[in-house]
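Undergrad: My questions all concern the structure below.
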Amino acid sequence: MAAAMVSSAGGLLAMLNEPHPSLKLHALSYLIRLVDQFWPEISTSVPIIESLYEDEEFDQHQRQLAALLASKVFYYLGELNDSLSYALGAGSLFDVSEDSDYIHTLLSKAIDEYAILRSKAVESSEVVEIDPRLVAIVERMLDKCITDGKYQQAMGIAIECRRLDKLEEAIIKSENVQGTLSYCINVSHSFVNQREYRHEVLRLLVNVYQKLASPDYLSICQCLMFLDEPQGVASILEKLLRSENKDDALLAFQISFDLVQNEHQAFLMSVRDRLPAPKTRPVEAIQAVETSTAQNENTAGDVQMADETPSQTIVHETDPVDAVYAERLTKAKGILSGETSIQLTLQFLYSHNKSDLLILKTIKQSVEMRNSVCHSATIYANAIMHAGTTVDTFLRENLDWLSRATNWAKFSATAGLGVIHRGHLQQGRSLMAPYLPQGGAGGGGSPYSEGGALYALGLIHANHGEGIKQFLRDSLRSTSVEVIQHGACLGLGLAALGTADEDIYDDIKSVLYTDSAVAGEAAGISMGLLLVGTATDKASEMLAYAHETQHEKIIRGLALGIALTVYGREEGADTLIEQMTRDQDPIIRYGGMYALALAYSGTANNKAIRQLLHFAVSDVSDDVRRTAVLALGFVLYSDPEQTPRIVSLLSESYNPHVRYGAALAVGISCAGTGLSEAISLLEPLTSDVVDFVRQGALIAMAMVMVQISEASDSRVGAFRRQLEKIILDKHEDTMSKMGAILASGILDAGGRNVTIRLLSKTKHDKVTAVIGLTVFSQFWYWYPLIYFISLAFSPTAFIGLNYDLKVPKFEFMSHAKPSLFEYPKPTTVATANTAAKLPTAVLSTSAKAKAKAKKEAEQKAKAENSGNEAGKANAASDEKEAESMQVDSTATTVEKKVEPEATFEILVNPARVVPSQEKYIKLMEDSRYVPMKLAPSGFVLLRDLRPHEPEVLSLTDAPTSTASPAVGAEAAGQAQQAATTSAMAIDDEPQPPQAFEYASP
């Protein structure tokens, strides 16, 4: 109470000058309590307080009191550095558990200071001394967090301060270690900017996981993939595959599918090759495995497995354990090679194809034949719309129209088949046989269709080119025609994506050095595709040639190729990025923007964002500025909500190139999300005054809205109508019309069963998808590169698999209204001669007669009112019957309207599950199958709880659904084609497509 009556600290301050130590101690003790109120007055005596702290004759406690008082005064004065310095001197009197602004502020300052010093100590070779008192404060704070059960806070501080020992302590002491580890993995991906340090954190997490009684092998293998340690993954898979427990084998298959989702092909091949072959087995066992694998459709993986297993002399004693391991190993290798998932995806897209051919027919009819840009755009849209479905009905039905494509349009038309048949690994070459170079170069066919066919082969085998690489190399070597070289280079780059094959590199380099502009551009891009993410020294060789050549096309191809080589290298690419962004040639600087985007792709790194924003507003070249803004989309796709906010001002720029870049940046980073802010930003750009800005905005809007239904966002329906209006408008400029046609294809991509996804479920970059969108964005200069968007397509499917990797039928539930996620309704033909329903004409004489009859009926009813009840009832029923006859149709309509929509939907495996639907997916309680991991989509291994009951399988070899759904009046014409296609088994050897008969130009 006495303290509340004090009006000045003057008396206590005077006591500080007293000679007796006990008086000084008394003064300090009371000033500490009053400092919050009287700090302005106390601040005049700071020198005295400081001298007391420095006086060695004082005992430790008194000096610490003086330090704490000085710290608080400096805090109120805003001198945080001095305040922290004296707080360190206060020792244990600085109580980290106190709940006050002073403590919170200084703790934040201390942690920041400590984190900076720790980072500097690691990053620089110099020895950085850290005040042990600062270390003590941070450690006290960490210990307090762990003691209080604030484990996430402790982990955040430990990661920021690079205290991995404290991080491990926080994880181990937490109540839910598995949940804490998952949180820590997410934090390391989201907030740890430095690649090397992130790897240290992940390595620690792997060690903690492995010490657990029941390790989470799914998470361990994901961490090992981030660390690029294939041997660790192979060891875990071998252990699970050799286990006697069937569930462990299912877990191994699930891990393999999860790794394949990340599309890191070189890593997967390394894991596959490290899996040890079974020990010597009898011939009978080998035959059994081969029979089993033939049923599993993993032909390429199986052949390798059979080759690797040497044929021994017949052993009389069969080792059943090894036989089981051999069978499981074959399945695992088939999954890791990607063939199993590709085959299942192909069958799913084929059997669930819901593409609307009437949309394409409308586009075709509205496009003027002499407008080659829109003609080609229609071919692109068809390929994208049917990507991976193997349905080429539209092309077959319009051969005359298609044959009008000449030169590069012919190249694109043929290459489009590669997108339609993407993943058809077994029959890819036979499908393209009619268009491929026959008997070496100049075999008599059109070089444009031959080049397009080689490009198509690359698209079919993208990232899985083992079986086609040699053929593409031979085709490249045996021709000197630049168009064929162009197609062969692109195809080879796709087939050998990220393999860094020296022989292929030399073949492509020899094409580059011919200095042909057309072939050289493709060669530059192809080199980048081949060397994706290798950060190789060859980049400097490519850069040197880019400076030597005079062809802009070659420089641009090389600039993009160099950018591809530094994919995912983060700070390791800074030297090359600096070199490219400072170059005098704007095309090299343009490549530097892509290098910056790809090196930091998906990291949301602040340094990269700052650099890109700087170039977006300061570079003298419009191309560089446009690309700098576009590149933001690649850096930010892991945090799509940020992109519209960051580029919102740029989308209102006076420069149309910057506006275009802003549109595509949003399209890339928010693809498939249906994000409301993204749509709001793009809407005004779709009606921009500049044609190419409208084009970019329409394409970006389609990318954002893919797999979003009109029921979940009404703007989707409005956008579809806007596209139709632009396409049908004869006065619309070509650029906008092309954008609208492409947008129509992207909206309904892959038979309306795919979305664009750049991150896998485990937050790993999908390499192929990111590279695909990067090269797709080059269509500004070269339209055939539009097809690269197909690499970013990811099926929106739940595909449950049993132990035999077959798809059993079982039901699960979507706890949401079916209309929210249903397919778009098929378009209908608008008939002009539909008779409008008009009111019936009534003559005046008829009206008078009806009125008179009604009046007589009323009088008669009154007269008979006293009559018997039966007669009354009959009259009433007759009247009711008459009324019901008149309003029969109306009543039926009302009944239909009244019926409420179901609040859930039963789905059958395999089912279409769009990203926004995943949170509503629930399994039935009495289900026969239980998933190995709770995943609402993708490939999910199922444990059979009733293995003795017979199974009903889905996705059989010959899907019963029609390959090309007929729409409206086209049904009769398509029936025969559809029946033929549906009867054809995907795995059977199909007849090659009919050759397109092009009219000679």
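Cβ coordinates come from backbone N, Cα and C, glycine included.
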Undergrad: Between 282-329, 426-473, 954-1001, which stretch does Swiss-Prot give the note region 'Disordered'?
TA: 954-1001
Undergrad: For the set K150, K166, K361, K848, say which residue Swiss-Prot annotates with ubiquitin cross-link.
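TA: Of K150, K166, K361, K848, Swiss-Prot lists K166 as: ubiquitin cross-link.
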Undergrad: Any contact between the repeat 'PC 10' (739-771) and the repeat 'PC 1' (412-447)? By contact I mean 3+ C-beta pairs closer than 8 Å, pairs at least 6 apart along the chain.
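TA: Counting Cβ pairs under 8 Å, fewer than 3, so no.
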Undergrad: By Cβ distance under 8 Å, which residues at least 6 away from the ends of the repeat 'PC 1' (412-447) in the same chain are close to it?
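TA: Distal contacts: 299-300, 339, 342-343, 345-346, 376, 379-380, 382-384, 386-392, 395, 402, 405, 453-462, 464, 467-468, 471, 475, 478-481, 483-484, 487, 783-784, 787, 790, 987, 989-990, 992-996, 998.
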Undergrad: Sort out for me which stretch, of 452-485, 487-521, 522-555, 557-590, 591-626, has the most Cβ pairs below 8 angstroms to the repeat 'PC 8' (661-695).
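TA: Stretch with maximum Cβ contacts: 591-626.
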Undergrad: Relative to the Cβ position of K166 (ubiquitin cross-link), how many further Cβ atoms are located within 10 Å?
TA: 21
Undergrad: The repeat 'PC 7' (627-659): which same-chain residues, six or more beyond its ends, come within Cβ distance under 8 Å?
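TA: Contacts with the repeat 'PC 7' (627-659): 189-190, 590, 593-594, 596-598, 600-605, 608-609, 612-613, 615-617, 619, 665-671, 673, 675, 677-678, 680-681, 685, 688, 690, 692-693, 758-759, 763, 770, 773-774, 777.
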Undergrad: Report, as numbers and ranges, which residues of the same chain sit near the repeat 'PC 2' (452-485): CB under 8 Å and 6 or more residues beyond its ends.
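TA: Beyond its ends, the repeat 'PC 2' (452-485) has Cβ neighbours at 263, 265, 300, 337-339, 342, 410-419, 421-425, 428-429, 431-432, 435-437, 440-442, 491-498, 501, 503-504, 507-508, 511, 516, 518-519, 522-523, 768, 784, 787, 790-791.
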Undergrad: Going by DSSP, how much of the repeat 'PC 6' (591-626) is helix, how much is strand and how much is coil, in residues?
TA: 27 helix, 0 strand, 9 coil
Undergrad: Mind checking which residues of the chain, 6+ beyond the ends of the repeat 'PC 6' (591-626), have their Cβ under 8 Å from one of its Cβ atoms?
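TA: Sequence-distant neighbours of the repeat 'PC 6' (591-626): 190, 193, 556, 558-560, 562-564, 566-570, 572-574, 576-577, 580-581, 583, 632-639, 642, 646, 650, 655, 657-658, 660-661, 758-759, 765, 770, 774.
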